[in-house]
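The block underneath contains the structure these notes are about, expressed in structure tokens.
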2 protein chains.
Amino acid sequence: MGIDPGLTRCGVGVVDGRPGAPGTMIAVGVVRTDPEAPLADRLLSLDDGLRAYLEEYEPEAVAVERVFSQHNVASVIGTAQASGIAILSGARLGLPTATYTPSEVKSAVCGNGTADKRQVTAMVTRILRLKEAPKPADAADALAIAICHLWRGGVKARIAAAVNKESSR
Amino acid sequence: MGIDPGLTRCGVGVVDGRPGAPGTMIAVGVVRTDPEAPLADRLLSLDDGLRAYLEEYEPEAVAVERVFSQHNVASVIGTAQASGIAILSGARLGLPTATYTPSEVKSAVCGNGTADKRQVTAMVTRILRLKEAPKPADAADALAIAICHLWRGGVKARIAAAVNKESSR
């Protein structure tokens with residue numbers, strides 16, 4: 001399950017698959033919170049919304065996009081708070097929880113760490129063989145994060161397995 | 001219960017009292033997480049640590065210092081993630097959860113929004129009639145946040161009660 005953290009719109013994408021193969025989209029959506037509501041209520045709504053996805057789809061791992069301070073300074077704090085809650089939501093269930101930088105996600109999906117949002121959406125649509133592009137962009141990003149984890153996590157797991165095999169000889 | 005959010009050191013201070021009167025310190029401490037550990041583990045440790053305080057001391061309200069982007073850019077994201085988890089920890093239990101800016105906390109405790117850490121620690125020690133200054137500074141700040149909420153929250157509650165009384169005549 002990939003999460004594109006945000007306080008007003010938090011993208012969620014669930015993908016089934018394995019490294020090197022095109023995956024299958026299981027679910028995609030956005031958890032929204034009311035920008036006019038008190039912060040405590042918003043964080044609680046976000047936590048509840050993410051928990052509902054985790055309980056419904058029971059993912060094997062959670063991947064969250066890393067927050068950078070280069071972002072809009074006014075929104076970075078809210079995004080960081082949302083990311084903390086997203087990472088905690090996976091960790092609380094004992095799931096492996098990884099973070100990826102935006103450029104890692106773009107590289108994995110587009111082969112180019114500086115791809116723009118349009119390119120990411122187009123590649124996600126193609127990789128998952130969707131009839132329509134997922135909307136809004138937060139949802140497409142969440143699917144890209146899930147694909148990134150599937151592919152990169154798989155490679156890491158294969159390397160770890162090879163190292164183990166080698167060292168157990 | 002006041003919380004000075006931080007990912008490596010998160011200050012916690014529990015104060016009993018009412019507006020205008022010196023309060024009594026019930027507990028003070030710091031939840032620490034290992035800077036070398038994966039982020040997911042750190043956020044989970046922080047959540048567990050705060051929950052332990054909430055369960056042990058059953059505060060009536062939680063107050064958290066607001067994070068500002070003026071802070072050190074490298075650490076602001078971790079601090080914001082910690083603050084999200086701190087606010088959520090109170091909200092999840094249904095407790096009223098407030099945030100205060102650093103200058104609101106300093107004004108409440110020192111009468112001066114630009115007081116330094118040393119002054120805050122000295123005033124907290126005096127207000128709570130402690131024999132020794134609370135250490136580290138994160139712990140003293142957490143007590144200052146709790147005092148700020150007690151005094152300011154109390155004033156807000158009195159105004160709300162007066163308005164209600166007036167409007168119900």
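Just so you know, glycine gets a Cβ as well, placed from its N, Cα and C.
Under 8 Å, Cβ to Cβ, and six or more positions away along its own chain, B:Asp4 (active site) finds B:Cys10, B:Gly11, B:Val12, B:Gly13, B:Glu65, B:Asp138, B:Ala139, B:Asp141, B:Ala142, B:Ile145. If you look up TrEMBL, you'll see B:Asp4 (among others) marked as active site.
The Mg(2+) 1 binding site annotation in TrEMBL covers B:Asp4, B:Asp138.
If you look up TrEMBL, you'll see B:Glu65 (among others) marked as active site. A strand conformation is recorded for B:Glu65 (active site) in the three-state DSSP classification. In the shown protein chains, 25 other C-beta atoms lie within 10 A of the C-beta of B:Glu65 (active site).
The annotation Mg(2+) 2 binding site is assigned in TrEMBL to B:Glu65.
DSSP gives B:Asp138 (Mg(2+) 1 binding site) a helix state. Per TrEMBL, the feature active site maps to B:Asp138 (among others).
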*asked:* Among all protein chains shown, how many Cβ atoms are found within 10 Å of the Cβ of B:Asp138 (Mg(2+) 1 binding site), not counting that one?
replied: 24
